[in-house]
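Annotation comment: Swiss-Prot describes 70, 72, 85, 88 as Zn(2+) binding site, evidence class sequence analysis. Residues annotated as Mg(2+) binding site in Swiss-Prot: 466, 468, 470.
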């Protein structure tokens, strides 16, 4: 048997032509018989428990229920591979073909695809340039539509007619003296199929482009919307009439199974009930057409077939929801595909992978931005192959089994080896839902105690994470190529800007902003206290750690004499208040300590004194003064202090600061 695996790059949903639908379901057996059409609503025979022929579980269409065994039992064993049984017509092959072989139901009347009729926007209504309500009235047999107006004066193409109006026109057409010819009206999906088939997409697109050039406002937007749909049809090579179905694909039976429960009862997929309704109504319609039943009965049956197909494709999208036992809505094909528990998100995107784990995240403020804290328990499991390889290479163990025993015992050598292994080996962290590419980023792992993953608070906006119980998944890139890619493209420190807006996504918030504010805040009430002088920032931090000072105590920190301090005005010029418009004016001045303008707030230094070598030196304070509009001094703050020689050369200078500001300054410098 040929391999069933086939590589592909992507999955694309599009319109299938009637020929393609039949091609999915039809197969020619080795003996030349064409099979594939499901004609009976039966599933299995309740006496023999074998699938009914031409039913929803037919072995001739979908393949044998048991490996290498035909329906009647004439051929058994693998030696009969590929033989088609003369009695039952079943090909002898593996039963797993029932997972991918499809069938089809040939419809006695066309039906519309509910996605394209009732979707938002409705592609049928847009293409036909008709209101959705009118299109629905045609599909569900509430109104006629004019397909050919002929030579009738009051009729126009695509005009809607009620039943009474059409009966009057019909009387006119068939009267003896009537000269009206060429009038054709339709109802139901058949009429829509004709209207859609009459569309010449290239001509319509050209017309719309001309109209758009001469239109404005809402009309222009509507025309652009229609042109976009038509261009998409042209680009994909799809035809509008394919939105009306002549045949319905039947998915493989193993994807809608029927299983026997204890006590002889059966549990079945909802799809089987929905398919059964379609087949029953389709067969009934075909019989009514054969016996030439009245038009009103056939029309009603066509409407019921349309509703059955709607329920199969998307139950509840239009009309009443079809329910099963206990008034539970039946799961249609759309329900199986869409949503969090659907095929795509649950089964295709949500697969379990090796070398991954997940745990609760907690804040790791001491981490670098490109680091994450990985619990030891998780790290030893994720990096086990690398650890085992290194243990064997270092000669600590002889084989894999011995290495695993050493790991289980928690030998100290194992943790040393693990530290070596994770050094320079990035891991990827992902937080669901991954709505943009920054939802998964790479970090350098740091081993931590406990069972929670530590995350740097600055990367939280990218993941939309907070620490109220959020979980994150860890993935280990195995190959050297994937490790290099993670390091170069996905490392958190390389993803500073949002790909959507181009603005920084790594922005401090909440506790970080509050912490920065608290560290840099000033308490001016403490300025008048005794001045504390420190030679360097480390001494200030040491005094703070020993509880000699607190975060907001004003301290004089020595600076190198050549460090320039910016001021608003030249030194020793008293404030000159001429015209003030602001409510509060702030200026910064250098003034001697014995200045008459300002009080000597820190009087422990004399303004002028002699040094040991006889040089005359003078002390200056850098004042920050707040004035009112009238020029009255409201507040005075000392910002710096200098000691200068008589020639103006600065010998010593101090800046007034706080331990909190020194801490934040050193923290920022250490990570730059």
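Using the three backbone atoms N, Cα and C, a Cβ is placed for every residue, glycine included.
Quick caveat, the model's predicted, so the values are computed rather than measured.
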Taking the mean position of the Cβ atoms of 70, 72, 85, 88 as the Zn(2+) site, which residues outside that list, in the same chain, have a Cβ no more than 8 Å away, listed in sequence order?
59, 71, 73, 74, 75, 86, 87, 89, 90
Between residue 466 (Mg(2+) binding site) and residue 70 (Zn(2+) binding site), how far is it from one CA atom to the other, in Å?
59
Using other CB atoms within 10 angstroms as the count, which residue among the binding-site residues 72, 85, 88 scores least?
72
Fewest other Cβ within 10 angstroms of its own Cβ, chosen from the binding-site residues 466, 468:
468
Can you figure out which of 70, 72, 85, 88 (the binding-site residues) comes closest in space to residue 468 (Mg(2+) binding site), comparing Cα atoms?
70
Measuring Cα to Cα, how many angstrom lie between residue 470 (Mg(2+) binding site) and residue 70 (Zn(2+) binding site)?
54
Mind giving me a neighbour count for residue 470 (Mg(2+) binding site)? Other Cβ atoms within 10 Å of its Cβ, every protein chain shown.
17
Tally every other Cβ atom lying within 10 Å of the Cβ atom of residue 70 (Zn(2+) binding site).
25
Residues within 8 Å of the 466, 468, 470 Cβ centre (excluding the Mg(2+) site residues themselves):
361, 465, 467, 469
